[in-house]
Amino acid sequence: MQLEAKDIGFRYDDGPWLFRGVNLSVEPGEVVGITGPSGRGKTTLCRILSSYETPLEGTVTYNGAPIPKKGYHPVQMVLQHPEKAINPRWKMHKILHEGYHPDEELLALLGIEQEWLTRWPHELSGGEMQRFCVARALGQNTRFLIADEMTTMLDAITQAQIWHAVSEIAKKREMGIIVVTHEVKLMQRLCHRIIDFSG
Amino acid sequence: MTSILKKFPLNRKQWALMKVLISVSVIIIVILGGLFLDEGRIVTNLTNRNSPPSIDNLFGTDWLGRDMFTRTVMGLTLSIGVGLIGAIGSAFIALILGMAAATMGRTADRIISWLIDLFLSVPHLVTLILIAFTLGGGFKGIVIGLTLTHWPTLARLIRAEVMQIRSADFVQVSQRMGKPRWWIAVHHILPHIVPQFLIGFMLLFPHVILHEAAVTFIGLGLSPHEPAIGIILSESMKYLSSGMWWLAFFPGLCLLMIVRMFDSIGDNLRLLTDPNGNRD
């Protein structure tokens, strides 16, 4: 059930190689942190792992086989900016139920209130929207969650609440998590192992 | 009373809404007039031929004693009807091709873009005349001709719009949730292009009406017994030299006004739906 990246290389158009020969494997239930300065390709690697981009070199495999292009993707990513990851012309309940119907328990754990469901996205704050994005990504078939600066723009209390909920669910479901963040404290608390992208 | 006076001068958006409402009501009045006016008024009446405008015959009468006002209103209704069918057809071709170009892969995009460029490289009117002539003129010919010639600009606009939305984060997230392409097209992309589509449709309208009149004027459009504006104008040409200016002046002016009204509806709708324009 592991997610494995072998000899990944990527560059945009004809630019210089962002990285080459990157190897990474994540076991279920494992929390891996990725850190490093801006512009080294952390986000790009995450996008490759969740099939937003195709690598120019190397392969990404799940359970030893390539990830099928159709159907629910076992690797779900939560992006940094929730307002971009949400269709502004949809109400919150439609956004939440796009992939599956989360149960009450999950919503309570993430602190999503029932009355938010009938609102439009612009009637919620960034933190409130990000909770929806997290809930949306935690479908029953999600095996790995990639949190690309998921809580960077949130205050400490919201950050703690979201991470508490996510790690609880991950533990229960044996879900692997990849965390990209600049916050050393957060990373040390959460992660079993840390990959440094500065070299 | 003072509260009403205080509200004038209206701001830009309120003016736009006013203009839209006025234009829409005038057009509705014209259409209703065309449908309910007494057919008896355009029966030939040889005792009252060639009379200049008066209270009885607002736009005068023609060489057969028919009331020009009634003929003009009926002609406008017919033109609006033809314009409506043509504009709806064109707008739907544009919607389908624009969506297909942007969502169905690179080959489809190349083919459709090429088709758009091909149609744009020849003036509308030339293609329209060719198609109408090939189909033998008449109502069918002109409607099919109008439908097949007016879609390219709108199709290009929709294609660009769809491409922009397609690369949005929320569409990519939706793909990872296993949503099929058509589902994303209907639920994510379509709602975003509805305003563009409606405005594009309204702006197609005046084009279509003018081109219909033009083609009818040169005799390739509607048949002579139908009171279309193009027919009225081309018939009146023969009588202009004998000083019967009202035969061409009023119908032409009315056509111009209707076309301008559709134009202003489209323009003002754009102003009203523009999210960046609501600062006053």
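Including glycine, each Cβ sits where the backbone N, Cα and C put it.
Note that the coordinates shown come from a computational prediction; the quantities given were computed from them, not determined experimentally.
Per TrEMBL, domain 'ABC transmembrane type-1' is recorded for B:76-266.
Taken from TrEMBL, the feature transmembrane segment covers B:20-37 (among others).
Distant neighbours of the transmembrane segment (B:73-99): 27, 30-31, 33-35, 37, 42, 112, 115-116, 139, 142-143, 146-159, 161-162, 185, 189-190, 193, 197, 200-201, 204-206, 208-209, 212-213, 222, 226-232, 251, 254-255, 258; these residues of the same chain sit at least 6 beyond its ends, with a Cβ under 8 Å from one of its Cβ atoms. Taken from TrEMBL, the feature transmembrane segment applies to B:73-99 (among others).
If you look up TrEMBL, you'll see B:182-205 (among others) marked as transmembrane segment.
Sequence annotations record features per position, and here TrEMBL assigns transmembrane segment to B:243-262 (among others). Taking Cβ pairs closer than 8 Å, the transmembrane segment (B:243-262) reaches residues 23, 26-27, 30, 50, 52-53, 58-60, 62-63, 68-69, 71-73, 75-76, 79-80, 202-203, 205-206, 209-210, 213, 229, 232-233, 235-237 in its own chain, all 6 or more past its ends.
Taking Cβ pairs closer than 8 Å, the transmembrane segment (B:182-205) reaches residues 83-84, 87-88, 90-91, 94-95, 98-99, 103, 150, 153-154, 157-158, 161-162, 165-166, 170-171, 174-175, 262-263, 265-267, 269-270, 273 in its own chain, all 6 or more past its ends.
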